[in-house]
Amino acid sequence: MQLVGDNGRGLAAAVFYAVCSSSMAFLNKAVMNSYEFPFPFFIMACQMLVTVLFLEMLGSLGKLSLPSYTWKSARSFLAPSMGYAFHATLSLMALQGSMSLQHCHLQVICPYCSGHKLGMNIPMYGAVKRCTPLVNLILAVVILRRPFPSFTLIVSVLTITIGCFVAVLGDLTFDGFAYTMGGLSVLAQGLYLTLVQQCAESQRSTWEILQLNSYNTLAPFIIMSVLVREPENIVKSKYISDIGFHVVFWVLVSMGSVLNYSLFLCTALNSALTTSLVAVAKSVIQTLVGLFVFGGIKFHPLNTAGIVMNTLGGFMYTYTKYQEKREDKRQKTEDENFNEVRVGFHPLSLQGTPDKSGEHSLNDIKVS
């Protein structure tokens, strides 16, 4: 894992992703709950369309050079794209939760929608998403053939995961459907981040990855939006003519496009594990802010203890990865210095050592 790339590019990419990602959960919650706009497929289709148009505009202006989108390139990036599509949709559905039947527009694919729950609150959403490093660690070993992590790292990840389950037991606003969607989104996120890292290691640029992902997921999002009858219900939306809603909605769509770029950039310059680590760090901020906005959270001893365990595990994870990175860098520096010493002094040692081969030959001649 590379935490800091050349000239700090890796660190800058991580911070960029953290800032973008931190704002998205609140924007999603605002649009889907505060403005009663529970149409996840339409939102994602708009984000992909804006991204595609932006990339094409940069290409036509000569600011960006990308290979043509072909069926062959589309197939090569199909698995990461589908993982991304599932993650994005499931995350939105987790925040939305199981709306009442009269408001739910996902009945075609969601037979469990009942009651008036409004999805996971922000702190619990952040806690569940912090389980992603566990998935990434497993997939890194299985798919990327990485060595097993250290004992301390495993303990930190298990602390995060156990804290999540403890917090769930104390969530007084528990929504089974929302938690199921949130758990599945964690699996999908871990999968596509690992696959994106694999593609980045094959020398694909961040812009090319963004292009392939946007084109690959645009059509599926549009098709699903039509199948669950989102367009016909959007025109009946309560806030469809509200200027404030349109401002927040298009900020959400634009930030979604920027988030996708920052995510792929962070994964390409660092790793899937680093990207999930950044998500762990930013979720702490989400948790603190989420305690007081969008309805906050009803406190319970188990809930509080779980979030604390979850957060401490995140810090332990961060510290462990930082120490491992420092040790790897120190070892690499020592190896480079050792090689430089060998290369630098070997010629001098040859020059400074008398050549006794000729002396031996003269002695041999003299003796004979």
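Including glycine, each Cβ sits where the backbone N, Cα and C put it.
Just so you know, TrEMBL annotations are computer predictions that nobody has curated.
Record features (TrEMBL):
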{"type": "TRANSMEM", "residues": "12-31", "note": "transmembrane segment"}
{"type": "TRANSMEM", "residues": "37-55", "note": "transmembrane segment"}
{"type": "TRANSMEM", "residues": "127-144", "note": "transmembrane segment"}
{"type": "TRANSMEM", "residues": "151-170", "note": "transmembrane segment"}
{"type": "TRANSMEM", "residues": "176-195", "note": "transmembrane segment"}
{"type": "TRANSMEM", "residues": "207-227", "note": "transmembrane segment"}
{"type": "TRANSMEM", "residues": "247-269", "note": "transmembrane segment"}
{"type": "TRANSMEM", "residues": "276-297", "note": "transmembrane segment"}
{"type": "TRANSMEM", "residues": "303-320", "note": "transmembrane segment"}
{"type": "REGION", "residues": "326-368", "note": "region 'Disordered'"}
{"type": "COMPBIAS", "residues": "326-335", "note": "compositional bias 'Basic and acidic residues'"}
{"type": "COMPBIAS", "residues": "356-368", "note": "compositional bias 'Basic and acidic residues'"}
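Taking DSSP states H, G and I as helix and E and B as strand, the compositional bias 'Basic and acidic residues' (326-335) has 10 helix, 0 strand, 0 coil.
Within the same chain, residues 94, 120, 153-154, 157-158, 160-161, 163-164, 167-168, 179, 182-183, 185-187, 189-191, 193-195, 197-198, 272-273, 276-277, 279-280, 283, 287, 306-307, 310, 313-314, 317 sit at least 6 positions outside the transmembrane segment (127-144) and bring their C-beta atoms closer than 8 Å to a C-beta of that stretch. Between the transmembrane segment (247-269) and the transmembrane segment (151-170) there are fewer than 3 Cβ pairs closer than 8 Å, counting only pairs 6 or more residues apart in sequence, which means the two stretches are not in contact. Long-range neighbours of the transmembrane segment (151-170) within the same chain, counting only residues 6 or more positions beyond its ends whose Cβ lies under 8 Å from a Cβ of the stretch, are 124, 127-128, 130-131, 133-134, 137, 179, 280, 300-314, 316-317, 320-321, 324.
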